[in-house]
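J.: According to TrEMBL, the protein carries these features:
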TRANSMEM  A:6-28  transmembrane segment
TRANSMEM  A:40-61  transmembrane segment
TRANSMEM  A:81-98  transmembrane segment
TRANSMEM  A:110-134  transmembrane segment
TRANSMEM  A:146-164  transmembrane segment
TRANSMEM  A:176-204  transmembrane segment
TRANSMEM  A:216-241  transmembrane segment
TRANSMEM  A:253-272  transmembrane segment
TRANSMEM  A:278-299  transmembrane segment
TRANSMEM  A:336-360  transmembrane segment
TRANSMEM  A:372-391  transmembrane segment
TRANSMEM  A:397-419  transmembrane segment
DOMAIN    A:550-694  domain 'PTS EIIA type-2'
Protein chains: 2
Amino acid sequence: MPETESVTEIMAMLALQLGIILFAVRFFGRMVKRVGIPQVLGELLAGVVIGPYALGGLHFPGFPQGVFPLGAGTLAVSTELYAFASIASIILLFASGLETDIGLFLRYSLAGGVIGIGGVIFSFAFGDLVGVFFIPGSTFMSPQNLFLGILCTATSVGITARILSDQKKMDSPEGVTILAAAVFDDVLGIIALAVVLGVVAVITGHGVAGADSLNGLLILAIAGKAFGIWLGFTALGLVFSKHIANFLKIFKHSYDFSILALGIALLLAGVFEKQGLAMIIGAYIAGLSLSKTEIAPVIQERIHGLYEFFVPVFFAVMGMMVNVKEIMAPPVLIFGALYTVAAILSKVIGCGGPALLLGFNGRGALRIGTGMVPRGEVALIIAGIGLASGILDQKIFGVVILMTLVTTLAAPPLLSATLRIPGTGTRKPVKGDESASTTWEFISDEIADLVVDTLLKDLKNEGFYVQMLNIDEGLSQARKDDISLSITEEESNVTIETARTDMPFVKTAVYEVILRLNDSIQKLKDSSDPRQMKKGLLDKDGRTSADLLSLVTPQCVSLDLKGETKDAIIAELVEILSVQNKLLNKEAALIDVLDREKTMSTGMQHGIALPHAKTSGVSDLAVAVGIKKEGIDFESADGEKSRVFILLLSPRKTSGPHIQFLAAIGTVLKDDDVRKALIEAQSKEKVVSLLQKGKAG
Amino acid sequence: MPETESVTEIMAMLALQLGIILFAVRFFGRMVKRVGIPQVLGELLAGVVIGPYALGGLHFPGFPQGVFPLGAGTLAVSTELYAFASIASIILLFASGLETDIGLFLRYSLAGGVIGIGGVIFSFAFGDLVGVFFIPGSTFMSPQNLFLGILCTATSVGITARILSDQKKMDSPEGVTILAAAVFDDVLGIIALAVVLGVVAVITGHGVAGADSLNGLLILAIAGKAFGIWLGFTALGLVFSKHIANFLKIFKHSYDFSILALGIALLLAGVFEKQGLAMIIGAYIAGLSLSKTEIAPVIQERIHGLYEFFVPVFFAVMGMMVNVKEIMAPPVLIFGALYTVAAILSKVIGCGGPALLLGFNGRGALRIGTGMVPRGEVALIIAGIGLASGILDQKIFGVVILMTLVTTLAAPPLLSATLRIPGTGTRKPVKGDESASTTWEFISDEIADLVVDTLLKDLKNEGFYVQMLNIDEGLSQARKDDISLSITEEESNVTIETARTDMPFVKTAVYEVILRLNDSIQKLKDSSDPRQMKKGLLDKDGRTSADLLSLVTPQCVSLDLKGETKDAIIAELVEILSVQNKLLNKEAALIDVLDREKTMSTGMQHGIALPHAKTSGVSDLAVAVGIKKEGIDFESADGEKSRVFILLLSPRKTSGPHIQFLAAIGTVLKDDDVRKALIEAQSKEKVVSLLQKGKAG
């Protein structure tokens, strides 16, 4: 434990390190994303570069051990920083569980299940066997080999989904199957991890390097127990999910119950680790349990900031654990290369094989197998667990990182190549395979977000299984029976792709969403009717500020406006300001004032009109006053003709008393005598003095 | 440093502890809030109760040291948990700085400045002197006494603002002055902390208990240097704030740049601590620098989830540091009582005195002094720093916690009492003191939020200084010159209070906000015109699902509808379902269908109408079909009369194929022959078979 004096020192280092990590991950993430590499690899790379084995280990004045000093024990970083990475892995798996609506999913994809299972079994076996081959004296049941097996299982299809979407293949039978299999892969990976950890705990507890002293039955029993714990908690979580959600909702504020949901994940993570299973299993089950409740999307949104803060820290810390020098040794590189090849082949064979039996042809099976190749965050988390618990050494850790990097980098070109092979991937021709896509353009990103969110909610209500594939890039997929839609949100555009025959359904769904949004908007308008509000604006008791009203000058007054229409009057007032050199851009000013009128006429009661706008056409507040004794129709609030016109223009950017001026002038004009005197005024000076003196006028 | 095997153990404990803390703080926070005590005290109390000196120290199976084992050194908790509390304090002060738009503020309140300074000087002196009196052999310059002084300075006016608002006194001269003084108090407290830490570092570096060996000039020089560092960084931050904001905005996503802004706070915190100043000073300056940029509100919103996760952990950890047994000793209690009295008196005298010189009478001065009494989070953070660095011992730490608790609990009744004294608080009568309040009711909390956010932005553009007083309770204040408004948001109601003479200004401002919102809503409607969309819905190539269409039965078909109006036709169709016992609640069903029609008629082209609704009036999907050969006006999309009517009712809660059915029936009816045959059909069975067979009909 650190000494008294150094607690503040430790915290200062932690703050610095976190600050540096936050910048490094975003910098590297951006760089690699530009060349089409997934952001997470950039974050990992950031960790390698700034970590203790590279830049972070350099000595600086004030940092005798470097900014990221090598931690003691098996950790390359301080336990405090590692603590942030650990909590990050809990948040990551909690969020991942929250997205997996397994109950609904099971109903729809047998093929996904079989292919997912095939991939997990083959990759586990291949990964483990590479370890048996390379690590002298080890067996299939050696802890590090079991870890090499489990590390090989977890597919991460974010990058695959992106490629499928780019090539408009997300709704192809192969695309749908890959995404379905990936969900099974997630769940199976967690179960397999539970089983392996249970077995490893017993093996290491026995003090044996291998499992030679354990017979097959005992191992089965242990595995069964671990699986039982997983199943028990998952079942309990799903059965009581409604009750848990109701309990959480006692805390009305969405931030409160969302963070408490994360609290459940933390508790379950702690309990699982205490039971010899991994924290992430508990976190995943907590997420899975809440996934089918109606608060799941709220929780996802509310913890998004936490996710964005923590998760990149996790990847960076994993990168920091990579000892580049150790990896560069030829034996490690050979080990890594073979492990990577095994990781690729195992998915191609393990997923492609079952695909062949399920109606896909060779092309289709190859596409599916290739699509399942990339490994990602879960492999990294498990590798971190292995390293921290001492089961994996730095070399094997490096091998795993290499495998993760290469599979993620290799999958996109491989998958693209298989997709370019002409012909369908299924043996039976697909009915209505012809696909269609429709794009809706909305006025802003926020509106597009709102439409997509509401649509996804509606689709869930229709019984669809909705999968968010890539939060950053706004890619979702919805499936029900043999209907499948992919929804892409790019800034303010929403594109939905589906089979030609399902387009009417999609259009009807979007139509209903827009109708509903329109309706709630209409209700807002009704509840705060601007027309009614306008009538309450003029008020005799308001404040009239002499400073403000001194802006009115005789040069900008016209006693006899010529215009007969609203637009003509406004143009005349703008012209007055233009002649007096008060405008930067006459056209811009005129357009902005007319735009404001379109929203709602500025004709008030009692013959007053206050056309106004914020515009780039002026650099300072500018006021023009015009009188037209006969009056014209200015669409005023009381239907009376308008006779006194005051035009107010304010610069758009700088802050200034725009509304204050409007309120002040309104107060002055509310006075009957002032208004009458204004209309009868014989000189411009009289007009100015009437407006400035207010009631005294 | 922990050993290899225990890293995972440490992380499991951390996860458990964080999970327990998240629940405990929300539970205690809720409880105390109910009896009107600020939530933060509940969070502190939660820490005391579950901490190592109370429940957390109890031994359990699996937890030989308790769930919160006592940490080594001066920390009562593990360094990992303390690390979360430290990062929390950085987030807290960063957010606090972000809210302080000091540049704009300085322009408007001389009185606030003078009163804030008075309070800081007096409370520093009083707090320090209590230490001199109680701690044998200590002097005014002893580090722990300097800390007792600085701990006494930081006012926390959240609770004061609540009371002023409840009693409609927020816009009184006293109210405005208290809130203004509190902003100065924040800034001055940070400066004073910098100076004290600089001096303490030199004193402890000299190895002397007091400062006897340091002459006054040297101390001044040190203080000057610390102040200089503060001023330098603050000035740099403010000067380059635009550049920093522009740099951050390179990262387009708001989460990215918000978290990077926090990254700057972490970096500056680390740098300041390395320089012997506190982390929170750096964090506060980072916030202050960004406070006047336009991304400040975005950052505040984006890091809100982090704030809600971390900050209560901080208060709980501070509570855990409290050794209840130590505090309960009579000498500590007496020390605490005197320190608390000094803390109260020093603000009453230090703030009330200058108030007397600035135009307030005795009543007003007393109100202002009392309003400045509560201490809060900053005192706790500084106490934590003192404890962690070994300058404060557990007893003095307990004394500070007592003071924080008592001042926060005592201030509300004291302030209420002074407010009840009749009469104004100023010597010169205030013009237009009469205050007015207006409440707007919106249809939902979200809309109210949107209106308030936009209004506050507009007010800033008008040159107002906007202060968020109590985020949880939606209380804000805006000031400019002698105008002041308080804005309270309670669920969907927004109430604004201000002087009678400024009400026209307020109404104009709200009016302009609502106009603008209405306008952007209109644009959405225009860009996705439902009327146009409707015409694209019917599509011959759509999918017709036999399963779905089997819902149509002869019993629910009418070949000859009687109704002559839209409403009559709908009522007739609902009646058919009612007679067939398909409805749970006929009235509800009818109302929901008519409501949906109000949004937009379901009359399509080609004489088809598809009235439909989700309603609690049915428990299963129900369909009625009606024909009216002559046709009636159903406000159809093409203006033609409608002759074929299909009513669809779906249960509101359960998920089902509502939209799928609409799309399928639309596809069937798009076929000209089917439609003609339907209208001419002689039997109900014929209608059903036509609808079910689709194109084949």
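Yeah, the Cβs are placed from backbone N, Cα and C, and that goes for glycine too.
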J.: Compare A:176-204, A:216-241, A:397-419 by their Cβ pairs under 8 Å to the transmembrane segment (A:336-360) and return the stretch that comes out on top.
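T.: Ranking A:176-204, A:216-241, A:397-419 by Cβ pairs under 8 Å to the transmembrane segment (A:336-360) puts A:397-419 first.
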J.: Does the chain bring the transmembrane segment (A:81-98) near the transmembrane segment (A:146-164), so that three or more CB pairs sit under 8 Å (pairs 6 or more apart in sequence)?
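T.: With fewer than 3 qualifying Cβ pairs, these stretches do not touch.
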J.: Of the listed stretches A:40-61, A:176-204, A:216-241, A:253-272, A:278-299, which one has the most C-beta pairs under 8 A with the transmembrane segment (A:372-391)?
T.: A:176-204
J.: Please indicate, using numbers and ranges, the residues of the same chain that are 6 or more beyond the transmembrane segment (A:146-164) and have a C-beta under 8 Å from a C-beta there.
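T.: Residues packing against the transmembrane segment (A:146-164) from afar: 38, 119-120, 123-128, 130-131, 170, 172, 175, 178-179, 181-182, 185-186, 188-189, 192-193, 196, 199-200, 339, 342-343, 346-347, 371-379, 382-383, 386, 391-392, 396, 399-400, 403, 408, 411-412, 415-416, 419, 469-470, 473, 475, 477.
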J.: Any residues 6+ beyond the ends of the transmembrane segment (A:40-61) with a Cβ under 8 Å from its own?
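T.: Sequence-remote neighbours of the transmembrane segment (A:40-61) are 20-21, 24-25, 27-33, 67-71, 76-77, 312, 315-325, 376-377, 380, 401, 404-405, 408-409.
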J.: With DSSP, how much of the domain 'PTS EIIA type-2' (A:550-694) is helix, how much strand and how much coil, in residues?
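T.: Per DSSP, the residues of the domain 'PTS EIIA type-2' (A:550-694) fall into 64 helix, 30 strand, 51 coil.
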J.: Across the domain 'PTS EIIA type-2' (A:550-694), what is the average pLDDT of the model, as a whole number?
T.: 86
J.: Go through the chain and flag residues at least 6 beyond the ends of the transmembrane segment (A:397-419) whose CB is under 8 A from any CB in it; none is fine as an answer.
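T.: Same-chain contacts beyond the flanks: 36-38, 40-41, 44, 148, 151-152, 156, 159-160, 162-164, 167, 169, 318-319, 321-323, 326-327, 332-333, 335-337, 339-340, 343-344, 363, 366-367, 370-371, 373-376, 379-380, 383, 386-387.
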J.: Restricting to the same chain and to residues at least six past its boundaries, which positions have a Cβ under 8 Å from a Cβ of the transmembrane segment (A:216-241)?
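T.: Non-local partners: 103, 141, 190-191, 194-195, 197-199, 202, 268, 275, 277, 281-282, 285-286, 288-293.
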